[in-house]
Amino acid sequence: TELNAAPRRAPRGCCWGLPTALLCLYGFFANLRPSEPFLTPYLLGPDKNLTETQVFNEIYPVWTYSYLVLLFPVFLATDYLRYKPVILLQGLSLIVTWFMLLYAEGLLAIQFLEFFYGVVTATEIAYYSYIYSIVDLNLYQKVTSYCRSAALVGSTVGSISGQVLVSVASWSLFSLNVISLTSVSVAFAMAWFLPMPQKSLFFHHVSSTQVSREMKVLNCKNGAVIQDDPALKRAPGWEDVESKVPLNVEEHPTDDQVSCAQKVDILKVLKELWQDFLQCYSSWPMLCWSVWWALSTCGYFQVINYTQGLWEMVLPSQTSAIYNGGVEAVSTLLGAVAVFAVGHTKISWATWGEMALALFSLFITAAVYVMDTVRNIWVCYASYVIFRIIYMLLITIATFQIATNLSVERYALVFGVNTFIALALQSLLTLIVVDSKGLGLNIFTQFMIYAGYFAAISLVFLISGTCSIVKSYRRQEERQARSTPESCLVH
């Protein structure tokens, strides 16, 4: 009987270490960019000799527009091409960006540079979703924490090293960009050694019904658990091919199996994605948290993009010592601590979530307002750290609330839609407030508008939260009123 027994299969996940290590190394070196906190001083300084109007009103808006235009096509292409080619595209775009940052001259060239940086940010989704196609479900939480930590460590080390090299070693900003180019080149080389996945979420989906029902995923960016409700549908368009392609990358599919997977109707996938979209956003809690996500992320991107410009106006880098890198490192580390702490906080977010969003959005408003009106660089630095901590805290809570009872496929869809709406709003805000074709306002007036923007968000959720709490208490009173006569009859 032993001779006739089927060969024993290798345990799944036995070779997850190598791709995880390679992806972590890629994430570390891709984010190890010591020159990034000093981008605005570099562009305004003698190396590029651009004017404030050119940098703030004509160059930086290009990133917003390109990110918006590229997001949805890249979202679909990442899944269709199975991640690795898009990671390679990101690595190549990083090299082009920093090569141009070193040697490109003139307004038009730097605008092209911003377009390539838009490619970098749009393709970031490939880095955070690649590992899910390589390892088994029971390893998702572990490898996600590794990959996210690698990116954060790379960013923090880059910021600290940039600050030390500028403040202590008196290195030029050009030299910092050389280090950044070297680092992203190493990341690009690492990406070539990543194994090619055989499955993806939508176009090459292969997980079985039982696996889908047991799926529990840690959100790659914010640490929120994604749980798949058995009642929810599987990924669209895969009823006929689910069992025909193996789950694990170690089990190589035959040519017939691969061609079967590739014959999936793209229009059918898009149609069912649309149906999933309608069903997801029909839930009031989902809609509420998604609205906050999109609105606040729009404002967050806008503040992050132009904070260096505000600092430069408050304290010009050409005449004073600046500490941009140190501030970025501190805000990242403290934000990570806040995110960790909120994971151990027990609050009924279903009841008090909207009020919490209103309150903390008000704190963000205060931070941006103080940053704009108190023209002291240390106050600006402190306000920026507070701003980032609060946003990272709230986006983590929002992520968890959205992800609860969503399959990983639906979460990817909601994440993409929310980000797209945020970028659409940011593009509109940029066009009106920042772009030279719009109002082209100065940096201080811009930040006053951003403070007002977050104040409006706070007001909206204060009204919504108050209504939700009143309705909740009314329902409790109605239930108590119905239960009282019943208890009297029993007695």
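Residue numbers in this text run from 1 along the chain shown.
Cβ coordinates come from backbone N, Cα and C, glycine included.
The feature transmembrane segment is assigned by TrEMBL to 13-32 (among others).
Cβ atoms under 8 Å from those of the transmembrane segment (59-78) belong to residues 43, 50, 86, 107, 110-111, 114-115, 117-119, 121-123, 125-126, 129, 200, 202, 301, 305-306, 309, 416, 419-420, 423-424, 426-427, 430-431, 434-435 of the same chain, restricted to positions at least 6 beyond its ends. Among the features that TrEMBL reports, transmembrane segment is placed at 59-78 (among others).
Residues or ranges marked as transmembrane segment by TrEMBL: 85-103 (among others). Residues 26, 30, 33, 35, 42, 74, 77-78, 109-110, 112-113, 116-117, 119-120, 123-127, 130, 174, 177-178, 180-181, 184-185, 187-188, 191-192, 194 of the same chain sit 6 or more residues outside the transmembrane segment (85-103) yet have a Cβ under 8 Å from a Cβ within it.
Residues or ranges marked as transmembrane segment in TrEMBL: 115-135 (among others). Long-range contacts of the transmembrane segment (115-135) within the same chain: residues 13, 16, 19-20, 23, 26-27, 30, 62-67, 69-71, 74-75, 78, 82-84, 86-87, 89-90, 93-94, 96-97, 100, 143-144, 147-148, 151, 194-195, 197-201, 217, 220-221, 249, 408, 412, 416, each at least 6 residues beyond the stretch ends and with a Cβ under 8 Å from a Cβ of the stretch.
Within the chain carrying the transmembrane segment (147-168), a Cβ under 8 angstroms from the stretch's Cβ atoms is held by residues 20, 23-25, 27-38, 127-128, 131, 175-176, 179-180, 183, 220-221, 223, 321-326, 328-329, 332-333, 336, all 6 or more beyond its ends. The transmembrane segment feature in TrEMBL is assigned to 147-168 (among others).
Listed as Cβ neighbours of the transmembrane segment (174-194) (distance under 8 Å, sequence separation of 6 or more from its ends, same chain) are residues 19, 22-23, 25-30, 32-36, 38, 42, 47, 84, 87-88, 90-92, 94-95, 97-99, 101-102, 130, 158, 161-162, 165-166. According to TrEMBL, the feature transmembrane segment maps to 174-194 (among others).
Residues annotated as transmembrane segment in TrEMBL: 281-302 (among others). Beyond its flanks by at least six residues, the transmembrane segment (281-302) meets 64, 350, 353-354, 357, 361, 364, 391, 394-395, 398-399, 401-402, 414, 417-419, 421-423, 425-426, 429-430, 450, 453-454, 457, 461, 464 of its own chain at Cβ-Cβ distances under 8 Å.
Per TrEMBL, the feature transmembrane segment maps to 322-342 (among others). Below 8 angstroms of C-beta separation, residues 34, 36-38, 41, 152, 155-156, 158-164, 166-167, 222-223, 308, 311, 315, 377, 381, 384-385, 388-389, 391-393, 396-397 of the same chain, each at least six residues beyond the ends of the transmembrane segment (322-342), sit close to that stretch.
Residues annotated as transmembrane segment in TrEMBL: 349-370 (among others). Counting only same-chain residues 6+ beyond the ends of the transmembrane segment (349-370), those with a CB under 8 A from a CB of the stretch are 285, 288-289, 292, 296, 299, 303, 379, 383-384, 386-387, 390-391, 393-394, 397-398, 401, 447-448, 450-452, 454-455, 457-462, 464-466, 468-469, 472.
According to TrEMBL, the transmembrane segment annotation covers 376-400 (among others).
Proximity of distant same-chain residues to the transmembrane segment (412-434), defined by a Cβ-Cβ separation under 8 Å and at least 6 residues beyond the stretch ends, is recorded for 56-57, 60-61, 64-65, 67-68, 71-72, 75, 125, 129, 201, 273, 276-277, 280, 286, 290, 293-295, 297-298, 301-302, 306, 402, 406, 440-441, 446, 449, 453. Here TrEMBL flags 412-434 (among others) as transmembrane segment.
According to TrEMBL, the transmembrane segment annotation covers 446-470 (among others).
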Distant-in-sequence neighbours of the transmembrane segment (13-32), which means Cβ under 8 A and at least six residues beyond its ends: 87, 90-91, 94, 127, 130-131, 134-136, 138-139, 143, 146-147, 149-155, 157-158, 161, 180, 183-184, 186-187, 190-191, 193-195, 248, 250
Non-local residues, at least 6 beyond the ends, that sit with Cβ under 8 Å of the transmembrane segment (446-470): 288, 292, 295-296, 299, 302-303, 306, 310, 351-355, 357-359, 361-362, 364-365, 368-369, 371-373, 429, 433-434
